[in-house]
Amino acid sequence: MKIGIALALTVVLASCEGRQSVLSPAGRDAEVLANLFWWMLGGAVVLWLFVNGLMLYFSRIRRKRHSLRVAQWFIFMCGVVLPTTVLAGLLIFALREMPQQREPGEGLTLRVTGESWWWRVEYWPDGADEPVTTANEIRLPAGSRSEIELAANGVIHSFWIPALGGKTDMIPGRVNRMSLEPTAPGTYRGQCAEFCGLSHAHMALEAVVMAPEEFERWLGAEARDARAPEGAEAKRGKQLFLSQGCGGCHTVRGTPATARVGPDLTHLGGRKSLAAGMLPMDRQSLVGWLSAPESIKPGVNMPGYDHLPPADLQALAAYLEGLT
Amino acid sequence: MVWPNRYSSLWHMIAAPVVWAVHFCAVYGGTALVCARMDAPGLARIGIAAASVVALGLIWWIGRRAWRQWDYASRANRTHGGPRAEDRREFLGHSAWLLAIVSAIGVIFVSLPALFIESCL
Amino acid sequence: MTDSSLHDPPRSAAELDERQPQGQWPPSEEMLAEPVPSDIQEASKERLRAAWKTPTGIRYLSAVNNSVIGKWYSLTAFGFMLAAGVLALLMRVQLAVPENDFLSSDRFNQFFTMHGSAMMFLFAVPMFEAISILLLPAMLGSRDMPFPRLSAYGYWCFLIGGVFVLGSVLFDAAPSSGWFMYPPLATEDEGVGSDIWLLGLSFIEIASIAAAVELIVGVIKCRPPGMRINLMPLYGWYVLVVGGMILFAFPPLIAGDLLFELERSLNWPFFDPERGGDPLLWQHLFWIFGHPEVYIIFLPSIAIASMVVPTAAGRPIVGYSWIVLSAVGTGFISFGLWVHHMFTTGLPAISLGFFSAASEAVVIPTGVQIFAFIATLMVGRVTVILPTLWIAGAVAIFTAGGLTGVMVALAPFDWQVHDTYFIVAHLHYTLFGGMVFPIIGGIYYFYPFITKKKMSERLGRWSFWVTFIGFNVCFLPMHLTGLLGMPRRVWTYPGDLGWDWLNMISTVGSFVIAAGILIFAWDLLRPKGRQTLTERNPWNAGTLEWSHDVPTEAWGARSVPFVTSRYPLWDQPEIVERMDAGRFYLGDAPEGRRETLITSAVDAIPQLVVRVTGPAWCTLVAAAFTGGAFILPTFGIYGPAIVCGVLAIATVIWWLWTATAIIPDKVMKDVGLGLTLPTYVSGPKAPGWWAIFITMLGDATAFAGLIFGVFFFWTARPDFPPDGAAHASAALTTTAGVLLAGTWLSTWFARGLHRAGHVTIARALLIAAPIMASGGAASLIGAVWFPGLQPATHAYPAMMCALVVWSVAHILCGAIMQGYCLARSLAGRMLPEFDADLWNTTLYWHFQGVSGIVTSLMIGLVPRVM
């Protein structure tokens with residue numbers, strides 16, 4: 001019996017791990033909330049056993065009647081005094097915590113815009129005049145609080161990286177704000193949490209928490225124009241990219257492609273995933289995505305290029321993969 | 001003895017929660033307005049404090065009248081299940097008194113945010 | 001709601017003295033003890049039976065009696081529940097394994113939208129109405145609901161609307177933007193889905209409000225003589241509270257629906273941020289409805305439990321006033337919670353704090369409720385009957401849901417779990433524990449009352465344990481699924497996040513629940529023809545519904561009893577015998593009419609005996625045309641829709657003309673036990689006046705929703721009103737205000753003068769009134785038309801025009817009512833002493849006069865000040 005319970009506990013606790021788990025926090029806010037949850041869970045179990053234990057006890061076990069006066073006191077103590085005290089404590093804790101989780105950031109500002117169904121990401125370091133634009137992946141320095149502005153284009157989305165903190169909605173016509181203070185470097189997963197249509201399930205993002213110096217280096221690299229393609233196949237891929245009209249929607253900085261309809265692809269190959277967290281960043285996924293995006297993301301705006309010969313798709317993929 | 005009208009009135013029974021509701025609307029609407037139009041959280045907090053004091057005062061007054069109507073001391077059996085007019089009067093008083101307690105807790109809870117949150121963020 | 005004593009001094013000379021109740025009140029013990037001769041008993045039984053006979057054959061469909069309508073209503077709601085449950089099972093199959101393609105994304109979205117919408121609008125709320133229509137008159141020892149034809153109309157609206165909305169799933173045309181229909185996703189949806197949702201459900205919302213009106217009047221005015229407010233069964237208290245909540249919760253959604261549909265069909269940009277709108281306005285209006293809705297579902301079920309628990313404990317409930325406190329307190333506080341569905345929308349933390357605080361505060365009355373049950377068990381001697389098993393299961397599940405509710409009410413914690421499977425688990429715990437289990441327990445409990453047969457003890461236990469275990473297998477793991485980060489409303493998910501095995505367990509559990517519900521459904525529906533009838537009061541309960549005859553009789557209460565206890569069957573030993581003998585009130589139907597007693601609101605002093613309407617087709621016809629008026633516009637068929645609308649109004653007028661406010665043959669009637677009551681009253685003593693009053697409270701709430709919209713835009717948008725925008729014409733809005741005040745005063749004076757006998761002047765005023773009303777409506781239209789307010793360009797002119805649309809529709813309705821009174825007067829159907837129609841019309845205009853003037857100020861003055 002004891003071994004069974006221990007085993008079950010281990011299984012449950014082990015299963016709390018995960019890249020998108022509220023219960024394995026990697027940020028200050030998420031940590032506070034995970035602890036709060038464990039405390040509340042403990043309290044809830046005790047109270048549940050108390051209430052249901054009393055029900056069982058009085059209906060099945062104890063057959064002696066109590067007096068009316070005792071019963072009325074019981075209602076008053078358990079129904080009014082006990083909950084008022086417990087709830088006041090919880091409420092005060094939550095009210096004090098709320099402003100802390102919304103503290104303004106300490107330098108870096110990110111602006112994330114929810115699109116159908118991907119994330120436009122702009123970095124505004126302190127004092128910058130223009131942003132560094134990327135998509136579907138956010139990187140944050142560990143150990144400091146970053147300000148995040150949230151907007152939306154079209155419909156409502158919600159920005160959420162469970163390991164770092166709570167979510168905030170992205171609402172067309174409004175600019176919301178939140179802030180996150182990651183503590184542990186690593187790669188975490190976030191996902192859109194507000195129903196946003198056909199591919200709501202396919203709108204994830206990677207959140208990479210880096211040591212501050214490393215983050216600065218990365219941001220410097222990210223601000224540069226795209227690398228020129230290396231090798232014949234990738235070069236041919238770049239020509240195809242431009243001739244097939246990809247630049248009608250996408251930007252690759254340093255090339256004639258400057259449209260802002262779809263995600264910025266300047267450093268696409270350097271990202272950890274493709275298609276807003278759906279596919280690993282490799283040649284095969286790129287080819288699959290280019291030929292039939294609709295099969296991966298129902299309702300997606302990007303047309304499929306399966307009319308291109310396989311060699312062309314390979315070349316395009318080679319070019320994109322090389323955009324690190 | 002002629003009893004006041006309120007001893008047989010459902011409207012008087014729900015007076016305390018009505019005060020809670022008015023307080024809630026005033027506090028929520030006032031804060032939304034002050035934060036959106038003026039960004040003056042200090043003003044909002046003072047307003048909330050004032051509204052809460054007024055609401056609690058009113059609820060206390062309603063509760064005291066209800067307590068008298070309930071006539072706690074006069075009866076040993078407080079079930080108010082009898083057919084006489086006194087039973088109905090005491091029942092309405094008791095319910096109104098209990099509602100005053102819950103409304104007071106509600107007002108205090110709803111005013112707590114002003115105590116702990118200092119900005120419009 | 002205060003009472004005056006039985007012998008009110010007449011308020012004016014015109015109020016005829018003989019219209020006051022006369023004779024003995026309260027009845028003396030000798031009168032009650034006097035036996036009724038058996039030949040009189042038999043004869044009056046015959047007459048009652050004839051008056052209350054349920055029509056047979058095809059004419060069965062024209063029945064309006066509460067026992068028939070209640071049965072149809074609850075079975076229909078149960079059918080919709082099964083259908084919505086099947087959708088849930090199909091979704092669980094899709095989610096059983098990661099990357100599944102059993103359902104497409106679009107299909108899945110349709111299914112979860114319809115699952116939520118149907119469970120809420122076609123099952124949970126209608127089920128409360130159905131059960132209340134079925135049980136309430138019996139609990140109150142009354143013959144029927146006060147407005148049986150309104151119940152029938154409500155039922156037919158519900159059936160037509162429900163089949164239409166749910167049927168769309170079969171044609172792959174169902175709404176797919178979630179049951180909350182957030183714009184811009186829902187407003188920009190290309191199919192007819194959103195329109196089906198909006199129009200179909202508006203139609204059902206109207207049916208719900210109709211039921212609420214009827215139930216409130218039923219509780220306030222149809223209690224048996226002597227049943228003071230402190231003696232009313234707790235179920236009645238809950239019905240009163242829930243009816244009031246429906247009245248204030250549904251109308252904001254109707255206002256929202258109006259704006260939504262104006263945006264869908266006329267492109268008025270209320271929710272489009274590009275043109276000055278704001279998607280959050282819908283969220284506010286939806287959740288002002290949506291959160292009280294949760295308690296509208298929960299309270300009636302707990303009300304059932306509060307009928308079962310005393311029976312099980314064998315003693316009166318402990319803490320009756322505590323439970324009343326709990327019901328009323330929950331009713332109020334539940335309106336201060338709506339933003340907890342919007343904790344993540346980025347509102348200021350301090351605002352979130354208010355709603356977080358109220359969400360915690362509402363736990364207190366709910367806790368009181370549960371502890372009052374436990375206290376009753378403490379004091380009583382418990383007999384474990386099958387219904388208590390379901391109630392105990394309900395408490396076990398509901399407390400778990402309540403405790404997670406305490407967690408999510410804390411805004412910061414909600415930022416993590418909002419819109420995840422944690423919430424899915426939480427809400428199903430509250431709804432299964434707070435609705436499904438108590439309702440099934442209630443069905444086991446009340447089944448012998450309804451059919452005079454018993455359901456199977458063995459199947460009941462099986463179904464309980466299978467459902468209970470299945471439920472926890474399905475939903476307990478979902479808490480963890482959500483904490484591991486799985487959002488709601490995703491049609492599929494990747495396999496590497498630890499969600500796969502949890503989802504598989506949930507899917508297995510969902511089929512176990514289905515098995516449990518099927519066992520119950522079989523037990524409920526299996527033929528029980530050969531089974532012997534149950535005894536009259538099989539659980540030895542104390543409340544009046546168990547006094548009903550076995551085998552059943554359509555008259556409800558054989559005679560309307562004089563009640564002096566909360567549990568008359570326990571405390572008034574002779575009551576059943578005397579009811580059977582027809583000893584109490586209305587033991588006979590000498591004119592062969594359906595009648596019921598109307599008593600005062602607080603002390604239940606007899607005031608009136610009213611004729612209750614009988615079987616009719618007009619309810620079905622009116623519902624069908626109303627359905628046409630709502631359903632056809634979905635497909636862009638506007639011409640026939642307008643025709644349907646006109647025919648619906650015409651049918652309703654015909655129905656009112658032929659069956660309401662009929663001038664009685666006798667002004668006074670002997671109702672038994674030495675009491676003589678008037679058969680016709682107008683004004684605040686009449687149930688019809690109360691119905692108008694309550695309806696107009698709801699209507700005023702919807703109007704307040706629109707006004708809220710104006711101020712919401714003003715605080716939320718810097719460009720409201722935009723600089724240099726055209727405003728409504730000040731001159732015309734002033735004219736409108738004056739004309740509307742004029743028509744209001746004319747109606748009011750017409751009532752006074754008519755009562756004083758100046759019929760001609762009253763008629764002249766009733767001719768002038770609709771002319772002024774139409775003039776007022778025309779001025780309002782002109783006020784926005786001439787300055788050139790273009791509603792499609794910006795939310796500001798759109799909002800002004802929406803106010804005009806709302807007001808004009810109401811003013812025209814009021815003008816029809818004025819014309820109706822005039823016609824009644826000319827036809828000799830309304831006389832100075834029989835003037836209920838004019839009282840009701842005046843009451844309507846009290847509301848409409850105020851809201852018309854407010855509209856004039858809102859469009860003419862307020863924007864200029866902003």
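Every residue gets a Cβ built from N, Cα and C, even glycine.
Because TrEMBL annotations are produced automatically, they should be read as predictions rather than curated entries.
Residues or ranges marked as region 'Disordered' by TrEMBL: C:1-36. If you look up TrEMBL, you'll see C:1-20 marked as compositional bias 'Basic and acidic residues'. If you look up TrEMBL, you'll see C:46-576 marked as domain 'Cytochrome oxidase subunit I profile'. The transmembrane segment feature in TrEMBL is assigned to C:72-97, C:196-220, C:294-313, C:320-340, C:352-377, C:389-411, C:431-450, C:462-481, C:608-631, C:689-714, C:726-749, C:843-862 (among others).
Counting Cβ pairs closer than 8 Å to the transmembrane segment (C:294-313), the top stretch among C:320-340, C:389-411, C:608-631 is C:320-340. Of the ranges C:72-97, C:320-340, C:389-411, C:689-714, C:726-749, the one with the most Cβ pairs under 8 Å to the transmembrane segment (C:352-377) is C:320-340. The average pLDDT the prediction assigns to the domain 'Cytochrome oxidase subunit I profile' (C:46-576) is 93.
Sequence-distant neighbours of the transmembrane segment (C:72-97) (same chain, 6+ residues past either end, Cβ-Cβ under 8 Å): 103, 108, 111-112, 114-115, 118-119, 122-123, 126-127, 129-131, 133-134, 151, 155, 158-159, 162, 166, 169, 474, 491-493, 495, 500, 503-504, 506-507, 510-511, 514, 517, 521, 524. A Cβ distance under 8 Å defines the sequence-distant neighbours of the transmembrane segment (C:389-411), meaning residues of its chain 6+ beyond its ends; these are 301, 305, 308-309, 312, 340, 343, 349, 352-353, 355-356, 359-360, 363, 366-367, 370, 373, 417-418, 422-423, 425-434, 437-438, 440-441, 444, 460-461, 464, 468, 471-472, 479. Contact counts against the transmembrane segment (C:726-749), taken as Cβ pairs under 8 Å, peak for C:843-862 among the stretches C:196-220, C:462-481, C:608-631, C:689-714, C:843-862. Between the transmembrane segment (C:608-631) and the stretches C:196-220, C:689-714, C:843-862, Cβ pairs under 8 Å are most numerous for C:196-220. Outside the transmembrane segment (C:689-714) by six or more residues, the chain places 146-147, 150, 209, 212-214, 216-217, 220-221, 243, 246-248, 250-252, 254-256, 258-259, 270, 276, 278, 280-281, 284-285, 288, 682-683, 720, 795-796, 799, 802-803, 806, 810, 836, 839-840, 843-844, 846-847, 851, 854, 858, 862, 866 with a CB less than 8 A from a CB of the stretch.
Remote same-chain residues near the transmembrane segment (C:843-862) are listed as 689, 692-693, 696, 699-700, 703, 707, 710, 727-730, 732-734, 736-737, 740-741, 743-745, 747-748, 776, 780, 783-784, 800, 803-804, 806-807, 810-811, 813-814, 817 (criterion: CB distance under 8 Å, separation of at least six residues from the stretch ends).
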